[in-house]
Each structure stands twice: as C-alpha cells, then as structure tokens.
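Per TrEMBL, the features are as follows:
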DOMAIN    41-290  domain 'G-protein coupled receptors family 1 profile'
TRANSMEM  25-48  transmembrane segment
TRANSMEM  60-78  transmembrane segment
TRANSMEM  98-120  transmembrane segment
TRANSMEM  141-158  transmembrane segment
TRANSMEM  200-226  transmembrane segment
TRANSMEM  238-260  transmembrane segment
TRANSMEM  272-292  transmembrane segment
Amino acid sequence: MSVANESISREFILLGFSDRPWLELPLFVVFLVSYILTIFGNMMIILVSRLDSKLHTPMYFFLTNLSLLDLCYTTSTVPQMLINICSTRKVISYGGCVAQLFIFLALGSTECFLLGVMSFDRFVAICRPLHYSVIMHQRRCLQLAAACWISGFSNSVLQSTWTLQMPLCGHKEVDHFFCEVPALLKLSCVDTTANEAELFFISVLFLLIPVTLILISYAFIVQAVLRIRSAEGRRKAFGTCGSHLIVVVLFYGTAIYMYLQPPSPTSKDRGKMVSLFYGIITPMLNPLIYTLRNKEVNGAFKRLMTRIILSRK
C-alpha cells in the first residue's frame with residue numbers, strides 16, 4: 001500500500017500541551033474568549049464598512065478583506081483546538097489535517113501580501129494625496145486584493161503538496177495545536193533538508209520582502225507627516241498609520257520567528273506559543289487596534305446602532 005493510501009485512514013494526534021494538563025483549562029478559556037472577540041470584532045468591521053457609505057474607501061475595502069481573512073483564519077483552527085482540549089482523544093482526521101494545513105497556510109500567506117498592500121495605500125494617501133483617487137481607483141483596489149488572495153492560495157497549494165508528499169512511516173503525533181508545515185515536517189522519516197530550504201525561501205518571499213517594503217514606505221510616510229503644518233493633520237495621519245504599523249509588527253514579528261529561525265528542540269514550546277499568537281491573538285487584536293482610536297469607524301458604528309434602534313421603534 002502506498003504512503004498516500006496509508007495516510008488516508010490515519011488520524012493524527014495533536015499533542016499541544018497535553019504533557020501539562022494543568023494548562024488545559026486556562027488555554028480553553030483564552031482560546032474561547034479570543035475566538036468570540038475575533039468573530040464579533042471582525043464581523044463588526046465588515047458590517048460597518050459595507051453599510052456606511054462614508055467608509056466606502058480603499059482603506060476600508062482592504063480592512064474588510066483583512067477582517068474576512070481573520071474570521072476564516074481563526075475558524076480553520078480554533079474550533080478543533082477547543083474540541084481537543086475538552087477531549088481525552090486529541091485527534092484530527094487526515095482529511096481534517098489536510099484542510100487545516102491548506103486553509104491556514106493560504107490565509108496566512110494572503111495576509112502577508114495584504115498588509116503590504118494596505119501600507120502602499122497609506123503611502124499613496126499621505127505622500128501622493130493629489131493623485132490618490134487616480135492611483136487607488138476601484139478597479140486597482142480589486143486587482144490588488146485579488147492578487148493577494150491568488151498568491152496566498154497558490155503558495156498554499158505548492159507548500160501543502162510538498163509537505164503531504166513526505167513519507168511519515170507510521171508517525172502520527174503532531175507536536176502542535178494544529179496542522180502546520182514545520183510541525184508536519186518533523187513527522188517525516190526521511191531527510192527534510194530540501195523541504196526546509198524551500199520553506200525558508202518562500203518565507204523570505206512572503207515575509208521579509210513585504211515587511212522590508214512596508215518599512216521603506218513608512219520611512220517616506222513619516223517624512224511626509226512631519227511636513228504637515230496642522231497638528232490635527234499630523235495626529236490623524238500618525239493615528240491611522242500607527243494602527244497599521246502595530247498590526248504589522250505583531251503579525252510579521254511572530255511569523256518571522258516561527259518560519260525563519262533554525263529548528264531547535266529547546267524552542268519547540270516557544271514555537272507553539274508564538275504560532276498561537278499570530279494564529280489567534282493577532283486576529284483578535286486587529287479590530288481593537290484599528291477601531292480603538294479610529295473616529296470614522298466609531299462614528300459609523302454609532303450611526304449603525306442608531307439606525308437599528310430607530311428601526312425597532
């Protein structure tokens with residue numbers, strides 16, 4: 001029987017922190033609360049951005065894409081994690097693992113480019129304000145968003161295929177909370193040097209290059225903002241760009257730590273916590289970061305609530 005056929009009938013055991021049962025209850029509470037806040041926060045951004053005509057701008061179009069992405073991103077992993085924490089059999093089917101691997105990788109890769117596109121939008125808005133409507137027209141925004149999604153899913157097809165082709169030779173204990181490329185590569189019973197080199201190269205392409213371009217664009221943005229004479233204008237520009245920069249640091253920082261550091265047995269627990277951060281915590285924080293000091297979103301949310309209340313009277 002081929003390795004692929006053997007895999008189809010196999011269940012994987014997701015170890016997580018099963019060697020530390022005292023952590024399970026706190027983790028369950030953290031995962032559940034984070035998931036609920038992620039669903040509520042991102043749904044609110046999507047609804048407000050779509051229903052309020054004042055937010056029909058490129059910035060909120062891309063933010064809506066990010067919120068949709070984060071909703072799917074967390075839903076691909078968190079429900080299964082909650083089930084496994086409550087269960088004595090912490091298993092996932094082969095098909096479930098393949099789906100989780102593909103979706104998580106596709107959406108994570110898409111976010112890498114989407115955050116870069118969002119920084120480009122801010123660069124044009126602040127450094128080329130007179131040309132903004134010409135450069136960031138509706139068709140251009142749709143093309144940029146489509147390019148992000150297509151690139152992310154194409155990368156996932158390649159990496160998932162390479163990872164799933166590796167022979168496992170009966171190994172089925174995944175030392176992680178969910179099916180992710182680095183954790184699955186450790187199950188292989190053959191040399192994975194070539195796969196790790198491919199993963200490193202693609203990680204550089206999807207992580208280091210976008211974050212470098214983002215930092216360069218923000219260097220120009222800072223210069224442009226400092227030339228603004230109005231204190232209110234500077235505060236608004238820094239507020240909008242500061243929110244995006246916080247998201248960039250949280251997402252890229254943890255992803256780079258996970259995918260671009262050499263594998264080490266001593267850092268496996270830290271790797272699990274880092275992956276939880278960019279897989280669960282960051283999608284939860286994104287709506288808070290983008291809306292906490294954003295007067296436009298807060299105003300749109302109040303208008304939406306007023307309309308709902310008045311419609312019920």
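Note: Cβ is positioned from N, Cα and C throughout, glycine not excepted.
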Two-stretch contact, the transmembrane segment (60-78) and the transmembrane segment (272-292), at least three Cβ pairs under 8 Å: yes
Intrachain residues whose Cβ lies under 8 Å of the transmembrane segment (200-226), provided they are six or more past its termini: 109, 112-113, 115-116, 119-120, 122-123, 126-127, 155, 158-159, 234, 237-238, 241, 245, 248, 252, 255-256, 259-260
